[in-house]
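Here's what TrEMBL has on this protein:
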- 1-25: region 'Disordered' (REGION)
- 11-25: compositional bias 'Basic and acidic residues' (COMPBIAS)
- 52-69: transmembrane segment (TRANSMEM)
- V61, N65, S299, L397: Na(+) binding site (BINDING)
- 81-99: transmembrane segment (TRANSMEM)
- 130-151: transmembrane segment (TRANSMEM)
- 216-234: transmembrane segment (TRANSMEM)
- 246-268: transmembrane segment (TRANSMEM)
- 288-313: transmembrane segment (TRANSMEM)
- 325-346: transmembrane segment (TRANSMEM)
- 385-413: transmembrane segment (TRANSMEM)
- 425-448: transmembrane segment (TRANSMEM)
- 454-475: transmembrane segment (TRANSMEM)
- 495-515: transmembrane segment (TRANSMEM)
- 531-553: transmembrane segment (TRANSMEM)
Amino acid sequence: METDTVSELESTQKKSSQDLKNIEDKIVASHDTSIPEDDEELREKWGKKIEFLLSCIALSVGFGNVWRFPYTALQNGGGAFVIPYLIVLFVVGRPLYYLEMVVGQFSSRGCVKVYDLCPLMRGIGVGQTITMFTIVGYYAAILSLAVRYFVDSFRSPLPWSECQREWTNCVDSSFIGQIHKGEGNGSVVPSADLYFTKTIMNLLPNIDDGIGFPDWKLVLCLLVCWTAVTGLLIKGIKSSGKASYFLAIFPYVILLILLIRACTLTGAMEGLKYFVTPQWEKLLEPSVWYAAVSQCFFSLTIGLGAVIVFASFNSFSTNIYRDAMIISGLDTITSLISGVIVFGVVGNLSHITQREIPEVMKAGPQLVFVIYPDAIAKMDLAPNLFAVLFFFMFTILGLGTNIGIVTTILTSVRDRFPQLQNWKAVVMIAIAGFAYGLVFITPGGLTVLDVIDYYGVTFPTLTLIIFEMITFCWIYGVNRLCADIKFMLGIETGLFWRICWGFLTLLIIVAIFLLEVSRYKLMDVPTGINVFGWCLYSFIVLQTVGWACYAVFKQPQRGAQKFTETLKPTSDWGPESVSLRTNYTEMINHKESVGKDKSIWRKLYLRVFE
């Protein structure tokens, strides 16, 4: 009798598995013959598939490649840093990039609405949107500095190449020779440095007495930047998609010109040797691996919702696997090219001034607005031309990234308020962003930028990406993600992606987060500013708690069921097309019915490896 029962159960399981296979085969066959979309298209799409690829390139390839990667490499072992960076890219960057593309394209939802797959965690998307607005303020401010320098590049001689009368201990940046000590007043300072600190920013030594007021010229440049962003987004992704051809491709033309020039400068080879020569002992320092993860996040723009948003405008069957590999690979190549250019220029500067390369190199905005101008001023061949080319390239890179950031914010707003017209939403974001960006072009703005970047971007992003991974890969499930990919693209997901999504990527990010917490030190700013920073961090991260409480409260069920229901996808979760969603729901319901009687450990195993 017992044998008959077992045989009956096995027969039922085989029949269920065969039924599931038949459903999947039918879906794949339907996918191959391209099921027509419904007449009603709920979401606008990219004009051409190439526009998505180029827009992602314009978003990812930007400030992080030109200034952050070279300096980070210098501080973390030179050529040795490339090794952890490539490893992190392989097991963290690419899996996350592909994961965010999958959920965005599959659901045609932005970074907030995509959490229809788990309403309890909708606050992650809200926090990411706030983080993006935090970023866009100082990105636009840096872009305004690039515009100011671009305009100044047409003046002859270059305004930063010569000292002004009121500057003490100054040496002309156009001077080619060894810089000596000043008489009793410390080291002399290149005019390019003083031009940035005194003429452009009028920097304060500290912000104990406030941050001051912005220069009217920078205010005008900031207004120009936001006007350009508004103009390119006023008609939605149709207009920004067309602009991506120029924003993504043209910077590489200039990068190639600058690469050739940087490699032919006197002393460039010494700089390049410093860049490629590894300091192997650095590989044993946890801080180097933390820097690699931070650079990967910063460069690829993952964990901030932008990739989800861009993918949500794709047609359902776009080959995002190919696109994810192309974009992440191209981003890395761009970082390496930028490193060669920067170290070539710095090597030349080191040779001329007879100073060590670490003494010449600067971090952040000062690398772009002090080191480059100083080196360009010393060029004997068409310095104005190279200044124009460099700052035009930097402006284009910044514009592409800012458009991507604003698109993410815009999509979150319009997903929540679909009746709001696109142009009105764009104008409101631009006005708010312009007002917020004024803070960063004040004399104390760069200090505020460091605080905001750490407490409002770097630390929250690490926190939210952990929540995102748990939500997508464990609450929703790696097995269901892989089923979605097969339904959408008709391809099986390999073991590498399953292991990364289920275990490896998440463990690395958690370890990096704990490392950052353990090495935390108060920033060298007034106590009130540090308190403000922690309040900003708390405001962003606690969105997860607030929206979770709201999701539970809105459930009509009672008791524990109010909570468990918020862990399940909403009834309309799935592809945008009603016909595709019907087939998808049939497949998922059958899968769930087959797995009902399995043990908890078996279910956990199947959560990743089914």
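The chain as shown is numbered from 1 upward.
Glycine residues also receive a Cβ, built from the backbone N, Cα and C atoms like all the rest.
Note that TrEMBL annotation is computational and uncurated.
Remember, predicted model here, so these are calculated numbers, not experimental data.
Residues 63, 200, 217-218, 221-222, 224-226, 229, 304-306, 365, 368-369, 373, 387-388, 391-392, 394-395, 398-399, 401-402, 405-406, 408-409, 429, 432-434, 436-437, 439-441, 445, 449, 452-453, 456-457, 460-461, 464, 536, 539-540, 543 of the same chain, all 6+ positions outside the transmembrane segment (130-151), place their C-beta atoms under 8 angstroms from a C-beta of that stretch. In this chain, the transmembrane segment (216-234) lies close to the transmembrane segment (425-448): three or more C-beta pairs between them fall below 8 angstroms, excluding pairs fewer than 6 positions apart. Contact between the transmembrane segment (385-413) and the transmembrane segment (246-268) is supported by 3 or more Cβ pairs under 8 Å, counting only residues 6 or more apart in sequence. Taking residue pairs at least 6 apart in sequence, the transmembrane segment (454-475) and the transmembrane segment (531-553) share three or more C-beta contacts under 8 angstroms. Within the same chain, residues 133, 136-138, 140-142, 144-145, 201-204, 206-207, 210-215, 218-219, 222-223, 226-227, 229-230, 233-234, 364-365, 406, 409-410, 413-414, 417, 525, 529 sit at least 6 positions outside the transmembrane segment (425-448) and bring their C-beta atoms closer than 8 Å to a C-beta of that stretch.
Every protein chain shown contributes to the tally, and the Cβ of N65 (Na(+) binding site) ends up with 25 other Cβ atoms within 10 Å. In sequence order, S60, G64, N65, R68, F69, D331, S335 are the residues of the chain that are 6 or more apart from S299 (Na(+) binding site) and have a CB within less than 8 Å of its CB. Long-range Cβ neighbours of L397 (Na(+) binding site) (same chain, at least 6 residues apart, Cβ-Cβ under 8 Å): V61, G62, F63, N65, V66, P251.
Recorded stretches compared: 52-69, 288-313, 325-346; the one with the most Cβ pairs under 8 Å to the transmembrane segment (495-515) is 288-313. The Na(+) site, placed at the center of the C-beta atoms of V61, N65, S299, L397, has further neighbours from the same chain whose C-beta lies within 8 angstroms: S60, G62, F63, G64, V66, D331, T334, S335, S338, T401. Under 8 Å from some Cβ of the transmembrane segment (246-268) lie the Cβ atoms of residues 54-55, 57-58, 61, 334, 337-338, 340-345, 347-352, 375, 379, 386, 389-390, 392-393, 396-397, 399-400, 403, all in the same chain and six or more residues away from its ends.
Around the Cβ of V61 (Na(+) binding site), the number of neighbouring Cβ atoms within 10 Å comes to 28.
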